[in-house]
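Structure first, then comments.
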Amino acid sequence: MLVFRVGPIGTAATALACGVGVAMGVFAAEMGPILSAQAAMASLFVEVAAILFGGLWLSRILTATGAQQRLAGWLTGMCRDPARAVLLVVLGVVPFAESMTGFGIGVVVGIPLLIQFGFPRVHAAILGLLGLIIVPWGSLGPGTLVAARLTGIDFQALGIASALLSGPVFILMGAGALTLGVGGRRAAAAWPDLVLTAGVLWVAVWGVNVVLGTPLAGVLGSLASISALLIRVRLYERQSLVIPLLVRRDLAPYAMLIAGLLVTSAWMALWPGKAPAWLRVLHSPATWLLVTAALTPVLLGQSMQAQPRALRQTLSGWWPIALATVLFLALGTLLSSTGMSTVLAQAGAQLGPAYPALAPWIGALGGFLTGSNTGASAMFAASQAQAAQAIGYPVLTLVAFQNVAASLATMAAVPRVMMACRIAQDAPPPQQAIFATGVTADASVVSRSHVWPIVLVLNGLILVVLSALSMGLM
């Protein structure tokens, strides 16, 4: 399907149709049980689709009201060192935006910001993609939720395990971004900033997963890394950290989303016994994304005039993504309910002790093909879990490797790379580059051939590290 450039919907629909044919023709499955299994997962399908809609709507309305642009402008004025600017965007701004909204929106925010700093457009496109390191918690974590539901693993436990395995990803991707952005010598000199930013991101993401649960881990973790780096900027560059009143108001939607999830998380924790359905709905990330997006103009002190257009744009961009995602979820449900994932797991288990080294690459293949951690989880999480059981490997650990590797590889997916190239090509030139790079008037064509190889190489290097870790944890 990749060779013939079939889109995600066509790929998912074809795979699902073939899966139904194989299930009925080879595995003697009947349509009734197949439909019953799909119906049992309907609530998950709806929740994931609602999270996707809410994240995209919030991104659209924040752009329409100018909030994202004002926040980006304030951050641009804060950082005068190119190495710290790279870390601020790659380990802070892009992960924060991606955690809040998903869909690769972190790239939409990060690339224009890098160009305003004065980086070449090709480098900005690559650096923006390298910032997609927090995808297990992107859009408040639907991909991780799907992996947990399909494998029977506790959602929070999978978030914690994924956070522990993400440390090497943060450090290595930050090092790669620094080397590309400022050169090897300056990157080596910036190692204290790298260790600080990546370390704070790692510890904060893990800590939030442990204390508050998985959905907010990416948001609060990236906020912590941004804050740590800005404090370092204050100490070494003597920049004021005073936030202007207008920018403070622009933070209100983010504050509402975080507060809503925190309050409902505490309510869920204090509820005696199993929480009722209405409280579980209230606690869902989808609910607070939708409520925040609806109230954003009010929170910013603006009229609701921007909402109709934002909703139209959201609908037009949402339905292809949601349809492809639901089709992949249906495929994953089909594989697990008909026994096909068991057969795949048994085939993988033939490798015996060597299988864990292959597991991250299987997850990465899913992320690369679907451009979505949710889609990759639907395709491979269940079979990875069953393979782990077959070879006596900890199921939680192997599914966490699947989750992290699949999330990592989404940055190399064709649609993501094409989107990054388009944004870098169309972004306005810097009004006044923050630091000299010699490319203020850069007008080079940003093509996929310039961007893709570097992203693929860095992904491959990190996958090698994850494979080595998976063998070391046996």
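Just so you know, the numbers here start at 1 and follow the chain as drawn.
Every residue gets a Cβ built from N, Cα and C, even glycine.
Database features (TrEMBL):
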- 6-27: transmembrane segment (TRANSMEM)
- 39-58: transmembrane segment (TRANSMEM)
- 85-115: transmembrane segment (TRANSMEM)
- 122-140: transmembrane segment (TRANSMEM)
- 160-182: transmembrane segment (TRANSMEM)
- 214-231: transmembrane segment (TRANSMEM)
- 251-271: transmembrane segment (TRANSMEM)
- 277-300: transmembrane segment (TRANSMEM)
- 321-346: transmembrane segment (TRANSMEM)
- 358-381: transmembrane segment (TRANSMEM)
- 393-414: transmembrane segment (TRANSMEM)
- 451-473: transmembrane segment (TRANSMEM)
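Sequence-remote contacts of a segment are chain residues at least 6 beyond its ends whose Cβ falls under 8 Å from one of its Cβ atoms, and for the transmembrane segment (451-473) they are 122, 125-126, 129-130, 165, 168-169, 172-173, 176, 180, 356-361, 364, 394, 397-398, 401, 404-405, 408-409, 411-412, 417, 420-421. Contacts between the transmembrane segment (321-346) and the transmembrane segment (358-381): present, as 3 or more C-beta pairs lie under 8 angstroms, all at sequence separation of six or more. When each of 6-27, 85-115, 358-381 is scored by its Cβ pairs under 8 Å to the transmembrane segment (122-140), the top-ranked stretch turns out to be 85-115.
Only residues 6 or more beyond the boundaries of the transmembrane segment (358-381), in the same chain, are considered here, and those with a CB under 8 A from a CB of the stretch are 1-2, 8, 11-12, 48, 104, 135-136, 138, 142-144, 146-147, 150-151, 321, 324-325, 328-333, 335, 348, 351, 387-388, 398-399, 401-410, 412-416, 459, 463, 466-467, 470. Comparing 6-27, 39-58, 160-182, 214-231 for CB pairs under 8 angstroms to the transmembrane segment (393-414), the maximum falls on 160-182. Sequence-distant neighbours of the transmembrane segment (6-27) (same chain, 6+ residues past either end, Cβ-Cβ under 8 Å): 34, 320-321, 323-324, 327-328, 330-331, 334-335, 338-340, 369-372, 375, 415. For the transmembrane segment (39-58), same-chain residues at least 6 beyond its ends with a Cβ under 8 Å from one of its own Cβ atoms are 100-103, 105, 139-140, 142, 145-146, 149, 253, 257, 284-286, 288-290, 292-293, 296, 310-311, 314, 317-318, 321-322, 325-326, 329-330, 333, 374.
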